[in-house]
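Beneath this line is the structure, given in structure tokens, with notes to follow.
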């Protein structure tokens, strides 16, 4: 089983590498640009570069994806361990990143989008019901599939998507992204838990429901 895990992870890494050619992030103009935090309040599109003479192997290293995330910490029963540029500085300007997704039995990674990256998912253990919804231009078509160990599914950049564990046992998967920082917008949190809140009257009209329903949802997600 452990050999299968390594094989699936290598498959994901190969697929992620294939995304680099068309990655959303701009291409690097040097061998590497290890991220460093500015001290003078300067903000750039990405991260500032560390002095190459001070770069070490640890700048390109992350450990811990062999450990399951704490699915009990969320009401949905899922956990995502991100390896984005904030966790691995060496990813800066390289246009790729990685995550581990863990699911309790019937756990859900709720509908969300990645505004800056395509996601490619490979299941390692368990069975996941996954899908994404196309834009208005494509009639909000829903594309779904049940994935088993070794199966791969791709979620196009910006599309609302989800993953649900449909098994009685724990499940986990690895996901690769075509961005060092793909971003995450969880739909329910953004709509009903924004700060400050969106007008309940506005949302009631948008969703064509009674205002009391919106008030309840905003209380749940505040």
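Using N, Cα and C of the backbone, Cβ positions are placed for all residues, glycine too.
All annotation found in TrEMBL is predicted automatically rather than curated by experts.
Here TrEMBL flags 1-23 as signal peptide. What TrEMBL records for 33-49 is disulfide bond. According to TrEMBL, the feature domain 'Cupin type-1' maps to 63-215. Residues or ranges marked as oxalate binding site in TrEMBL: 109, 114, 119. Sequence annotations record features per position, and here TrEMBL assigns Mn(2+) binding site to 112, 114, 119, 161.
Shown on the structure are the features that TrEMBL records.
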{"residue": "33", "record": "disulfide bond", "Cβ contacts under 8 Å, 6 or more apart": "46, 47, 49, 50, 92, 93"}
{"residue": "109", "record": "oxalate binding site", "Cβ contacts under 8 Å, 6 or more apart": "76, 78, 80, 101, 103, 162, 163, 164"}
{"residue": "112", "record": "Mn(2+) binding site", "Cβ contacts under 8 Å, 6 or more apart": "160, 161, 162, 184, 185, 186, 187"}
{"residue": "114", "record": "oxalate binding site", "Cβ contacts under 8 Å, 6 or more apart": "155, 157, 158, 177, 179, 182, 183, 184, 185"}
{"residue": "119", "record": "oxalate binding site", "Cβ contacts under 8 Å, 6 or more apart": "154, 155, 161, 175, 176, 177, 182"}
Give me the count of other Cβ atoms within 10 A of the Cβ belonging to residue 49 (disulfide bond).
18
Mn(2+) site shell beyond 112, 114, 119, 161, criterion: Cβ within 8 Å of Cβ centroid:
113, 132, 155, 159, 160, 182, 184
On the 0 to 100 scale, where does the mean pLDDT of the domain 'Cupin type-1' (63-215) fall?
97
8 Å Cβ shell about 109, 114, 119 centroid, oxalate site members excluded:
99, 112, 113, 121, 155, 161, 163, 175, 177, 182, 184
Give me the count of other Cβ atoms within 10 A of the Cβ belonging to residue 161 (Mn(2+) binding site).
22
